[in-house]
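Read through the structure below, which is laid out as structure tokens, and then see the notes.
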Amino acid sequence: MARLGTACPALALALALVAVALAGVRAQGAAFEEPDYYSQELWRRGRYYGHPEPEPEQELFSPSMHEDLRVEEQEQQEPHQQGHRTPKKAIKPKKAPKREKLVAETPPPGKNSNRKGRRSKNLEKAASDDHGVPVAHEDVRESCPPLGLETLKITDFQLHASTSKRYGLGAHRGRLNIQAGINENDFYDGAWCAGRNDLHQWIEVDARRLTKFTGVITQGRNSLWLSDWVTSYKVMVSNDSHTWVTVKNGSGDMIFEGNSEKEIPVLNELPVPMVARYIRINPQSWFDNGSICMRMEILGCPLPDPNNYYHRRNEMTTTDDLDFKHHNYKEMRQLMKVVNEMCPNITRIYNIGKSHQGLKLYAVEISDHPGEHEVGEPEFHYIAGAHGNEVLGRELLLLLLHFLCQEYSAQNARIVRLVEETRIHILPSLNPDGYEKAYEGGSELGGWSLGRWTHDGIDINNNFPDLNSLLWEAEDQQNAPRKVPNHYIAIPEWFLSENATVATETRAVIAWMEKIPFVLGGNLQGGELVVAYPYDMVRSLWKTQEHTPTPDDHVFRWLAYSYASTHRLMTDARRRVCHTEDFQKEEGTVNGASWHTVAGSLNDFSYLHTNCFELSIYVGCDKYPHESELPEEWENNRESLIVFMEQVHRGIKGIVRDLQGKGISNAVISVEGVNHDIRTASDGDYWRLLNPGEYVVTAKAEGFITSTKNCMVGYDMGATRCDFTLTKTNLARIREIMETFGKQPVSLPSRRLKLRGRKRRQRG
């Protein structure tokens, strides 16, 4: 009794200490319920790097697991006391394989489907409650989308690695299809590369929520000079980044076959989907003459987590009822027909020609009077798919078609005004041959270039005639008479010959742009997030990058900014660069030549050969995003696509007529201080894109007296009306009179010579 009496105070003290400890653990657990995710992340990282050895947390495991852990700790302590050698049995937890097997053994299909559903839910709940052991699911295989390494949905903070050679080869560069810069020894290299070549290296993705992992896609290092790739690897998963379970193949660890070269992606599906938060890739072999380097994408389905405030806050949804899927050629044509049937009064389907393999290049016109050019109404176009593997632009334009039709039918005032005041042309797929090749590869396995070129191997983006060189050579010859105008520069004869290396698709676009008096256009591309404006070609010889502005540089800057500033991500200073270039210093815009020089681009050709101001719009880091990404990409670009079309109504517009009120075609419109002219269309109407300000504008035409007036451009949307009435010159009137009476006018020089000859004969 005395012993019991003395033991009671000690027992009470121990119970009090346990209560305090449990309260501390509860307080610590409560931190996970805070809405500020980043506080949780900092706490987790401190624990991750501060405790390299796993420490069991009492509240995160079930009571049955406490006994297993105690048994395991005893087995681990005894060898250390006997010689510090751990037997192989102590490496694997005892209960983890049993639990894994238990969950994997789902019952066969039975009559009571509700019972099976309840058991599946209970198993997933057990997986979510057990933060230490991942769960394998052997249910019907679900096709899971990529987590988003390539699309940057997975942030740099979610990527970790055992070691890295340097910052430019860190874990944050281990993204599928990421591209290296010209100088590969900078911060923007083409893969994650381990600091050492041994079997202890790994790269890890933190999904930040329970995820059903189903597969891994890998690539080698993107480099012009080096050959580095991983030829085999293991896959491990975890719920706490300390206790890891290796994907098994029977009783042993499964070795996945990796890459045999550095660019073609290789997909490996897990034999059984694994539910966990973390996934780790552990290279086992690599190219003999290279290093451990890889790029990757993870396939997985995030499990619903209503208690996670961070993910609910960042989920992207759309209210537009559109067809969010990838459309092959047949499906694209069918969607166009559906839109045309929905809105027959404002749409028209036509084709501008055929591809190398005979596929028609379909376009859709949207106008209140489809099929005709209305005097005073500007023409606008969108083009996508010049590179067949840059699929996002194609799908965005198909979504735009459907959206404009729906909103016009719903009497959306903004869309109705746009359709009634603009003639819109949309060409979703300029290179359908290349697209079909990329479509066969799929959104993740096509690599960076499959389907980029036409069927005959031509890059349409730089297949147009180089008119820049003709213009600049003429400008450099100041003493010689001007042979090349500053606009409507003629296409060289060699380019028009049948033997010229010109794609069928390129010739079709040129004929299309010569036929329709486009004022503004945008060609949608992929692989970056920026708007590029001309010139695209540098003026200085032997330079690959140099800012080369057009005479309308201020207008082009505004047009580019109008798209970028209304895009959800382009001007976001917090966003990560896609590959190597940081375009935030110019608010998501760039002069094409200062980025990289391109001779014969569509932008430069359009500016120098037609009236059209053309820009390249790079709509996403991922050229070919998964279908699940399309709603978010539509939300990112929808407002920008509409705002850019509305810019066709900025500047001045008018009609150039003669005294009888007839429109004068091919009249030249010049703006003082801008060394670039435009011309009137067949009805005498014109549109000149200008920023707000006061301008001195001149209209001139052959056989007419030049007319000049001041035109004011305001800040409000809508072009300022600036009409001209030209009077014929005396010589033109004489010629007109003589032609009316069937006689040719007598030229004055020849008449004077005849009079002189008569006088000489009379004197002689």
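Cβ coordinates come from backbone N, Cα and C, glycine included.
Among C144, C193, C343, C405, the cysteine that Swiss-Prot records as disulfide-bonded to C301 is C144. Highest Cβ count within 10 Å among the glycosylation sites N239, N249, N289, N345: N239. Confidence for the domain 'F5/8 type C' (142-301), expressed as mean pLDDT, is 94.
Geometry remark: N499 (N-linked glycosylation site) versus N239 (N-linked glycosylation site), CA distance 63 Å.
Put simply, of the glycosylation sites N239, N249, N289, the one whose Cα is nearest the Cα of N345 (N-linked glycosylation site) is N239.
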